[in-house]
């Protein structure tokens, strides 16, 4: 084979010079779609997420390889939705660089489903410095996000820094990661680098990965830090562009919040200074020329022009894509299995958003109109109107003024304490037609309080009533409000306390409590504690904390589980609103509720998330035609009721949503460009592309969901493996080596075909292994004399002879073809050899075999010593009077014994069965055959297997598939093959021959169970036939049968439909773990092939529900028979598909067992399988 020099070096697209107009040549990155290290990790719509700390998802592997020290990708904007694991993506990239730099000298931990031990493969490699960077600088918006990042680093995304305590970050962990990771908040970092000279910055921070978490929070504006104005964005921008050797990773799920122009400031952080994008108004003129999108603090009147314009149309798309080419990764989250319902109706100019309207009382409307007109006169921001729409205090004030008059604020031991003033409390508790509030029932008091609250806030009355109803129904709620003081969250939570709720600071599990998440009221430690309480399974039905209230703190970095109701007080930015909603709606967020619902037989409504976007509308003050009942607190509203006839007075909430929707459409145009031009577009397309039911909705950027990647790889069909074999084979080699070592735990000699088959059938590696990779691994192990621990735990070395790989217990300087016989001594180690000089008084020339103490003999003696103890324990269990209980206890105890001990117990039980005609508990011996001595019979009668027939019967029944006896009365032979069924190795079948009963002189004291010998070739052939007969019992027309391994309680399914006539063992399918079958395959097996009866018909979906599910699910559509006319089959398919794989497997195992199609098999669930 001819090699070229480039075959030994990794090849990636080269970046262009900084004088070029683009970072990479357009089209050059299409090669990414052909590289094995990336294509092996192409995403599907659904991925089973790893459960062990440190294990990476497929997209995280892609990101860490893109940012490897071997590539020229030195900056990426990660536009990854909430719930995709952006933090772990960053940590994986950092750890990859640390390993490549060899600065960390990490031990690689190898974990597989077989429980393989750690092995530091690096110790056999050269520790030269590699291309990776040697540290990381992490910038976050605040301490909460910083702590979240640290927690992910220690407890989830890596195993290199954990101290074992998952509840907090220990000093030990901080000491470990502080060697490589530096953490700063935006403001502190900007203040730090502002004081440093350029040369100092380069010296301290060069050769590092820079990660900016929630990067969209870096704004083009000054920020006050200790009364000092600092241009945070400018300092970070200067810092990044000073460094010469760095990689930059910007993390964000929402790169734009206030308008599409914000993408420019983000991209300029990572684009060279000569390729900077225009910002603010200049960006809008270039790409959205029809309007200037308003900022969050725009003045009154601006919204009219914006709403009338066509500002959501984007121009010069090709130019924009060229500027960001090679710098963007785009990923959407996997869809949650829980339905998200937008409650309400469309109002005003809204085309997509649904809102829930509430109508102000005359009192609140009067104050709101005053606030609105004041905002209009002052040409300021809408702060007064927004405060008045939330809550108006009894004296007509709102916001800061009303808060000062009616809210009592004190500083307590645990922080600030707030409570309602007596005057405000009195107004809420004032009686109506009732004599005294103290004589009211709880229902009457609730109605009275809500009626009075509605006078001051229609929105808060609605929210509180919803919370009360949800709490009674065992449902969790979240309330988001960006205003904390004034008429904001503090007032709302204090009003809720009138209904028996108490504030929880995270220190105790108080019933009917609430948590408040804001920087003004709650510390970072309290926020973490409150989140843990709220997300606990104990709280899934609100038994402790049924509701939490949050400001902007909850919009980023936090996840909330089992939420049923989310209330959103209006905000200018659709992106921020969506961030809040995503906190309680992501894959797995409702897992506990769904599981409970399924366990209860799917009775009642399936859990779903209800989202309420609240809009408060002022009542008419100018027309006597508009009337409304002041005591109407119904949660059912109508958009035609109570609308202001004075067109100058508008609902600020509705305006905010109208502006938000229009901005969101413009932002989505940019997001669509980023998705299509992303460097990983083709790799992530199956995940990012939704089905047509989402056409023209926000999920598909308000366009058709079907899209085409700019780099689609259509012209590149050949998979390129050069980079993978040069670099990334090193990553998988650790895991592959562990699998190889595990393979040799059950053998000392193995062929290349057997090793290849083992890797091809693996369920551990994330990609399919090639034969070249296997040979490369074997070559490295053999040529570098890398030790492999054998079954005894001794280090051995692997050698090869004509594709046969064998273990020897020492290094062979010059291997030869005859060395293969040395494997015998690895399998049978010598512990001690006696020399002639030590044999004083004995003749020299002693037989070598007799002079050696063999390891196997010592091991067998040890197992023999265990047998009496094991039998004693088993016979104790057999004293139970209940036969079923006795059998179950003995079977459970047998499984826990070493395999060799189990083999000996079977042999003793079989021998006792052979002697049954001679066993007599009453010591009344039957007539003896002439050749048997009385002493021999008495010795055998002492066996517990003879004395206790029931015990022996249980033993033999338990192992019924592992022995055979040819005739008892005229005994010929018995065979036991328990060990050979576990380890596919010769000389494991053991035979008891009829000749053993023909005793010779001198053997009269030897029990029959000591007469077992290794079977000959003829008997081994007989064993193979017996195995085939056992399997044939289960090979019915169905084409499947179940396997159960009692040792590890694994359940496998064997598919024998295409087995007929196959002689080559490699082509015979072995049993596959049930949980490793795909969901569609299990569904088809349960619903079509087997058609398992469903006992509880009430849990089945309706035909309409089934049709809708199949229509929206491609996997289900693919398993529906083409000629199907059976509606019941469609219902069954959906029913089984909705269950977890584990639940389907439980049902399948029970069915196989009931129908006598479940066979015990010790190879189920292990890598080494007999066929």
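Cβ atoms are placed via backbone N, Cα and C, with glycine included.
Cβ environment of residue 87 (ATP binding site): 148, 149, 152, 153, 157, 213, 251 lie under 8 Å away, each six or more residues apart in the same chain. Annotated ATP binding site per Swiss-Prot: 80, 81, 82, 83, 84, 85, 86, 87, in sequence order, evidence recorded as sequence analysis.
Annotation source Swiss-Prot lists domain 'Helicase ATP-binding' at 67-273.
For 510-588, the entry in Swiss-Prot reads domain 'Helicase C-terminal'.
The motif 'DEAH box' annotation in Swiss-Prot covers 213-216. Mapped onto DSSP classes, the motif 'DEAH box' (213-216) shows 2 helix, 0 strand, 2 coil.
Within 10 Å of the C-beta of residue 80 (ATP binding site) there are 22 other C-beta atoms, taking all protein chains into account. Annotation note: residue 86 (ATP binding site) sits in a helical segment as assigned by DSSP.
If you draw a 10 Å sphere around the CB of residue 82 (ATP binding site), it holds 22 other CB atoms from the protein chains shown. Listed in chain order, the residues near the ATP site other than 80, 81, 82, 83, 84, 85, 86, 87 are 89, 253, 331, 333, each with its Cβ within 8 Å of the site Cβ centroid. Residue density at residue 84 (ATP binding site): 21 other Cβ atoms are found within 10 A of its Cβ, drawing on all protein chains shown. The Cβ of 83 has fewer other Cβ atoms within 10 Å than any other of the binding-site residues 83, 85. Each residue in the motif 'DEAH box' (213-216) has a pLDDT score, and their mean in this model is 93. Within 10 Å of the C-beta of residue 86 (ATP binding site) we count 27 further C-beta atoms, all protein chains included. With a cut-off of 8 Å between CB atoms and residues at least 6 apart in sequence, the same chain places 253, 331, 332, 333, 582 near residue 81 (ATP binding site), listed in sequence order. The DSSP secondary structure for residue 80 (ATP binding site) is strand.
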